[in-house]
Each structure stands twice: as C-alpha cells, then as structure tokens.
Amino acid sequence: MRSDSQGDLRRTLSYFFLHCSLHGRYHELAPHLVPMDYTNDPDVKIPLALIVNMPELKENPFRNRIVESFSEDGQGNLSFNDFVDMFSVLSEMAPRELKAIFAFKIYVHSFRGYFNVDNYICNEDLEKTLNKLTKEELTPEEVNLVCEKAIEEADLDGDNKLSFADFENMISRAPDFLR
Amino acid sequence: MPRHKLIASESDGKDNEFSLYYVEVEENSQGGQEKQTTRDGKRRRERNGEVSRRRASEKRTTEVDTKRAEKKHEKRHKTARKEGEKHEKRQRRKNADEEEAEEESNKEKKNIKNERTKTLRRDDEKEKDVKKKRKKHVKNEEDNANSGKTKQKDCHDMPLKEKKKKRKKPETTSESESKSESDSAPESKDNQAVGVLGSLTPEELEKLKEAVDERKKLIATMRGKPWPMKKKLVVLRSSCVLQRQETLLIISFLYYSNCQKWMKFQRDFENFKTACIPWEMKIKEIESHFGSSVASYFIFLRWMYGINMILFGLTFGLVMVPEALMGKPYGSIPRKTVPREEEASAMNFAILWDFGGYAKYSVLFYGYYNSQRAIGWLKFRLPLSYFLVGVGTVAYSYMVVIRTMARNANEEGGGDDTSFNFSWKTFTSWDYLIGNPETADNKFASITTSFKEAIVEEQESRKDDNIHLTRFLRVLANFLVLCCLAGSGYLIYFVVRRSQKFALLGLENYGWWERNEVNMVMSLLGMFCPMLFDVISTLENYHPRVALQWQLGRIFALFLGNLYTFIIALMDAIQLKRAEEEIVKKNMTIWQANLYNGTVPDNSTAPPITVHPADIPRGPCWETMVGQEFVRLIISDTMTTYITLLIGDFLRAVLVRFLNNCWCWDLEYGFPSYSEFDVSGNVLGLIFNQGMIWMGAFYAPCLPALNLLRLHVSMYLQCWAVMCCNVPQERVFKASGSNNFYMAMLLVILFLSTLPAIYTIVSIPPSFDCGPFSGKTRMFDVIQETLESDFPAWFGKMFSYASNPGLVLPFLLLLVLAIYYLQSTSKTYKRVNMELKKKLQTQNEENKKKNKLAALKAANELEQARKAGEQRSSSSQHTQNSEPPVSSTHTTTRPPASRGHTSSGHLPGHPQQPQKNSHSNRR
C-alpha cells in the first residue's frame, strides 16, 4: 500500500516535472501537433519556423543554425529528444567541451546531422557568421579582412580553414566563452 | 533508427539490468561489425595464407630484398598499428569491462593473458553473448593487424554514431556495472520480480538512494558527451533499474533544479551588481553605438562624479554641517549678517543668482565661518577641521588620480591577449542569454562597432606610406600649431597687460570693449583655435586615437593661457581687496572710537552699547570674493556647456531632420549633417572645470556640491543628447589608454590649480574679520594653535623637534631616494615584462609553425599509409591470383608514392624519412 502510493507519487512527480518544464514548452510551441501523452513514443517533430520563435532564440542571429544543427534530419525539424538535447547543451550547466562541439556545429554552415571531425569552418562560413553578427553592416572588404585575420590567427595547421582542433584551441582560451 | 526503438520497447518490458546490458552489447556488436562478421572467417584464412606465402617468397629472394621486404612489412605494420592504436586501446578497455561483467554475473573469470595472446580458439563453456563479444573483439584486433584498405573501409562504412558509441560505451557501461555492484543485493532479490517499483522496503529505499547518487555521477559524465538525447536516454535507461519516467525524472531533476537555483541566484546577483554601478547601462548603450572613445568620456565623467562625491562628503560633513548646526546662528555676529546697505536687495533673484546677498553670508562661503576654536557641545574644532579638509581634499585628489593612473598603467602593461582577437570577436561575441529585442539591437551595434574598431587598428598597423612625407608633414603641422599657440599666448599676455593698465587708470573711462577685452579674446581663441588645430591635424595622418591625444594636448596648452589670465586677474583683485581692507581697518578704529566717544559721557558703567551686527562696518573679505568668483565661473561655464549642447546639437539635429524634407540638397548627408560627439572638447571642459573646483574649494565649500549637481545633470543631458542628436564618428576607434591620457592631463591641472591655492593660503594673511582664521597672521597657524592647546606639551615639543630642518631635510632626501629606487625597479620590471612578452610571442609563432609542420607530416604519413594499404590490398589480390609477381607489384606500386613524398615531405629534423625516400628512389 505504502510503496504503491510512493510509486504513484513518483510517477506523478515525474510527469509534473516533465510537463512543467520542457515538455510543456515543447507542447506550447505547437499544441496541435504535440500530444501530451508520450507513453507510446509518437514520432512528432516541430518545424524550424515554430522553434525559432521561442523567446530564447528569437533574437539570436544564429537561431536557424542552432535549430538545424540539433535536428536529426538537418532540416530544422526537432523531435522532443532533439529539443531536450538543445536545451541541455544551451543550459549553463553544460560543460565547456560540449559547448565547444556544438558551437563548432553551429558555425559550420554546411553542417547537417551528427558531429564529425572532418568538418571545417571555411571562409564562407566565416562570412556568413559575420554577416549575421553585424546585420551586414560591414563592407565586403572589411568582411574579407576580418575573415582573413580570423583564419590566420586560429589556423594551426595552415590549411586555410578551421578544423575542430583549431576551433577548440582558439575558443578554450577565449575570455568570453563561459568565463 | 529502428534498433533504438527496439531497445526502447524492450527496455520497457525488461527492467532487469543484465538483460538490458546484453541487449546493448549485442546491438553494439551487430551494429559496428555486422558487415564484417560474414567475411570474418574468410579473411582470417586469407590472411594466414598470405603471410605464409609471403614468407615463402621472402625466403626465395636475396638478402637485400628480404631486408627491404621486412622493413616494408614492418613499416606497414607500424602504420597500421599506429592507426589502430587508439582502436586497440579502446578494445582493451572494453575487455576490462567485459571482465567486470563476467565477474559480476558470477561467470568464469577470464584470463588477461589469454586475452592478449589473441588466440582464436575460445573456451566453449562461456556464455553465448560473451563469446560473441570476444569474437568481435578478436576480429577487431585482426582487423587492426590486417591494415589498410579493409580498415579504412571499416572506418568509413561504420555509421558515425556507431563509432562513437563504441568509443564511449565502455566508460558508461563500466560505471553502470560499478553501480550495479553496489545494487547487487536488491537486484538478486528482485531479479525475478521485474517490477522494481512494486514493493520497496526501507533498506531498499536506501539502496535506491545510493543508486540515485551513482546515477547522478553517471549523468554528470554523460552530460559532457556530445550524443543526441535519444542515445543518452538509452544508455541511461540501460544502466538504471528504474522505469522510464524515473530516468526522465532524474534527468529533469538534475538538469533543471539541482544547481539551477544557485546558478540563477548567481546570475541575478551579477545583474544586481551591474545595476548598482551608476549609469552602467547608459554608458554601455552609448558604447555600443558610438564606440569606446565616446564611452571613455562618459566613464571619465562618472569617475569624476565619484571623486566629487567624496570631496562633497568631506566638505559637507566636516565643515558645512557642523557650522550650520553648532555654530552661532545667522545674525549673531557681523560676518554672519547681511550689511545694512545690502539688506534691501539681499533677496533679489538677480543678486542671489550672482551669489551675493543672503547667499554670500551663508555657509556656502569662507567669510561666514567663525574663528571660535571649538563649537557646540562636541567641542568641534571648526577652524582646524576647515583647514584640514581643505588640505585633505587636495591630498585625496592627488592620491586618487595617481592611484588610478597606476592601475591603468598596470592594465596596459598586462595587456590583453590579442592572439585570437578576430576569431574571438567572430565566434564568442554574441551573448546567448539575450532575449530582449532592444538589447539585441544594442548588441548588434556593439559587435559592429567593435569590429570596426578592430579593423581600424588592423588597417593602421598595415599602413605603410611614404615615411619621409609623413614625417615632414608632421613636423610642419607641429610647427604650425606651435606658431598658433605662441601667437595666442602673446595675444593673451598683451591683452592682460593692457587690461591691467586700464584697471589702474580706472575702468569707468573706457567703453564696453576695453572692459571685456580679455574675456572676448579668450572665448574667441577658445572657439577658433581648436578648429584650426583640427584642420592642421589632418595633415599628420595619425591613428585617430593618437590624433585625439594630440588634439587634446594642444587645446590643453591653449587653455592654460585661459587659466593664466584668470589667475592674474584674481591676484590683482586680491591685492585690491587687501588694500581696501587696510583702509577699513583704520576706519574701524575711528568708528569704534566715535561710538564710544558719543556714549561714554552718558554713563561710563553702563553695559557696552549693543549695535546691530548689520550696522558694524566690515572688511571686504577677499576670501569670500575669490570663492564667489569661482562659483560664478562654474555656473557660467555650466550654462555655456548646456546651451551649446542644446543649440549646437539638438537644434541642429532638429533642423536637419525636419528641413530635410523641403530643402534643395540632402541635409543629413550633405553640408550641415548631424554633429559628431566632440570627445576632446568635452574632456577638456571637464578637466578644467575640475581644476576650478580644486582651486576654489577652499574659499567656497559649496563648490563640490555645485559641481556634483553639474556633473549629475550633464551626465543625463549629454547621454540623452548623444543618443538623440549625434552620429557616430566615421572611424570608430578603440579608446584603450585614452583614459590614462585624460588622467595625466587631470594631474597636470591638479598641480597647476593647487599651486595658486597653496600660494594664497601660505603667503597671504587672512582677513581680519571674516572666516575661520580671522585674527591669525597666517592660515596654517591653526595647526600650531591646536598643537599647543589640545595636545600635551611633550607632543608639541616633539613636533617642533621633528619639524626642524635637520630632520626634515634628510627625510626628504630619503623620500627622493626611495622614489628613485622604486622608479628604477619598476622600469626594470617593465623591460623584463616586455622581453617576456616578446619571447612568448615568438614562442607562439614558433609553435604555430611547428604545428603546421607536424600537420603536414601527419598528412604525409596518412598518405603513405593509404598508399601502403592500397599496395597491400593490391598485392594481396596479386598473391591470390599468382604467386611470382609479388615483388614486381611492389616495384610497380611503390615508387610513385615515395616520389610524391620526397617532393612534398622533405622535413628537417626527421632524418628517417629522407632515408626511406632515398631507399625507394634508388629502386
């Protein structure tokens, strides 16, 4: 009797937690798409356009990239698992290394699917990043200069593109990167 | 991913940990090596055959050939091993885990030695799954040994996810095992009873808690892994006894409640701290739109505000309030009363605005203070306090300015690491916590500005013009500016002399122009010279920050003339007042004599006649006059600043904005356009204003309060004006170091302004009938007096001993020596610091180069390995087809690869490689 009630309590608690925090948010994004009951693992995905409008991402210049890099299909459709994934990485509790990996994913614009060390940040990625960051207020020459300098600074192996090792090395020393 | 689904559904059914674990492992072995398992046996046989065949062929060849072949063989193996090293390690770790698993499930313990001998025959009595695992493992090792093509294929074929899982799996599973060890008791009990949640006794609950703790650890490690959540869930579920909801509960609990409150609190606290810094938000906003140079002015303004706050606290708390509360009230003595002839107009606004009338006879000015030694029930030594506060404000200002300068210099010396300047700006400048559109706009603006600043710096460092031309132009510009300064200096001198002459002859005989000549000349110079300097400075082609500093220095020199005229005028006025005072003193005795003469005959024993204090004649009190002058100056200066701000910036902006619609050319981008923020002018205004405060604060204790008010208002007004009617400069530049330049100028001004103040205090006797020092020959006599009457005799004696030149001079000498020593040591440190920095930089560059070389080498090796693999596979194919041409295939495939190496991979410091190359070249 006692244990039963405990189990019940726990179960209700778990639902409470889930529904209060993340799943609630997930459900809110598309109430007509997402069921509240997840016992049967329905295959539900929310399209990019809806997720991008979350207050956390709304003002972020990289919002599309963020969502894309977390989605399993690379198109920006997030299942609930992807959604939780995104939150866990963007949370302030996530360790630096993890953040670095996902930051790399975000900055490599051609990136789709899972993490792969064979990806590189190339000049075009940098240009896109810059234009997003500055709302395209820099002239093309300035953008070129910045890209050139950035690659020159961070590129350790001289291939004119940033591998993950370069990126990690650079970003792990940044003062702004998670203090 | 159907496999995952399978697992998930299974896990729902089976809560038994072991079965889950096995399912996982099974999945592993199936996933990673599925394709290979079918070919497994065949390849093994192939390989065995190949080796034996090769051995046979090697025996047949000559010795050299054998050697070569062996070497090649070795090399091949080496590269293969190198590549597979990581893999192998992983495997070994996995073995250890497997062993644990076996131990744990009370199965036969496996022999490590056995494991490492890589025997293919396996004990048949092992469990089926274990066998499977081992098989896989053995096959893996074989793969490793088997080299090149197959392996690479293996790597490429294997889905990424699987690869990763394989890599990470051992750790997590090991953890799960260790956890389950601690849990073994309830498990063994509940092994059959699948519903763990069904019934729980208190001990079990305890165990469960322990398990949860273990799981926390597990989750903490798992959080650092870049897996998708789905996989984390699978792993977590597989390692947990609990049901799915509970795992989710744990996840959500750990992610969202455990440390989050603390983190949130910290963040809020940080926010609170920033919110406590006055005007931080405003300044940041301005910085984001106008760059750090404009922001540096506001930061300077804020710093000044802080200083004035302290000065105000000192004067207000130790001088004004005690006098107002405990001193004699207004009207009790002549110095505290408006004289009879001024009474009628004392409350007029015009008079008050000019700080005459009641304002003049109040705590605001020096003259109001009484010379009574101790006032009130506290026996507050007001004259002493007045003197010490006067000295203290100046001393404090010196201290603060110098301390700030030293700190800034420190920061400059430390320097920020700019090795990744641009990449950091690109990759880490966005703040992911921003959710407010306005903040986001500001952030965009600030990022753009910071990029522009960095670009300007970069362009400046790249610029290499005709050095001789620039040098010539700079010299020319400086010459022109010097001429300008000398001309204006002479003009000021001339005008001041002329005005002195006029003053001696009496101003009444001259017209308006003669009376206001000095002021007019000064303001005209102040208006046009900066413009001229600005034009001249375009010749110099300096970096904008350096240009700003030059501009500041030049205008500063010009303004010194202003200061000079002001001080001259003031000294003249003081002399006049003192002459007047002498006359009043004489008249005073006559007046007193008259007073008594008229009354004495009536009754000699009657109490002394009470004359209303307003009727008593009094001296002109030059100290109050000086204080008034300063206050008026500050007020007029403030007004000018505000009015120019309103007209020059606001009105202009309004006109440009609204007339633009009906004008024949583009006003916004054409001629008038919007004004830029004049950093140099504003900074200089601030600095000179502060100089006035330091000079006048001794004679008008209200000055710091007034200044505080002014700074406060101008902070808001200028912030508003900048945001609403100015446009950013064309070349936004980084203002690092500007602050120290401002400080240096402030220090000069502080020194210059304390000189006259100290001169007046030390060398001019105070007025006889007003102020806290009345009746003394010098103001600093108050110290002597206090020493004599408030301290024991021995203290005074000691003080007099200590102050005799025999002691003071050596002490001064010692001080000078100490300063010299400290300065030289600091210089040495600085040099060492610079050298170290240089060394570090070169080291960095060297490292970079080395890394590049290493990368090149690695690429070469990879290529080599691949070539070797290709060759190996081709050779194996050949050997299958026919035995004899083995060596021929070697000769045909080998040379091109090695030639490629010699061309690209000739590395210094790696002698083996050229050797190898020469080997193959010779062939």
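Glycine too: its Cβ is placed from the backbone N, Cα and C atoms.
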Checking B:10-43, B:826-859 against TrEMBL, the stretch recorded as coiled coil is B:826-859
Using DSSP, break the domain 'TMC' (B:621-736) down into helix, strand and coil residues and give each count. 82 helix, 4 strand, 30 coil
Spatial neighbours of the transmembrane segment (B:472-496) not adjacent in sequence (6+ beyond its ends, CB under 8 Å) are 517-518, 521-522, 525, 529, 532-533, 536-537, 539-542, 554, 557-558, 561-562, 564-565, 568-569
Segment proximity, the transmembrane segment (B:551-571) to the transmembrane segment (B:520-539), 3 or more C-beta pairs under 8 Å: yes
Under a Cβ pair cut-off of under 8 Å, which of the recorded stretches B:346-368, B:551-571, B:741-762 contacts the transmembrane segment (B:380-401) most often? B:741-762
Intrachain residues whose Cβ lies under 8 Å of the transmembrane segment (B:346-368), provided they are six or more past its termini: 319-320, 323-324, 330, 335-338, 621, 623-624, 626-628, 631-632, 698-702, 767, 770-772
For the transmembrane segment (B:741-762), the distant same-chain contacts (Cβ-Cβ under 8 Å, at least six residues beyond its ends) come to 296, 300, 390, 394, 397-398, 401-402, 404-405, 408, 549, 552-553, 556, 560, 563, 567, 570-571, 574, 626, 683-684, 687-688, 690-692, 694-695, 698, 778-780
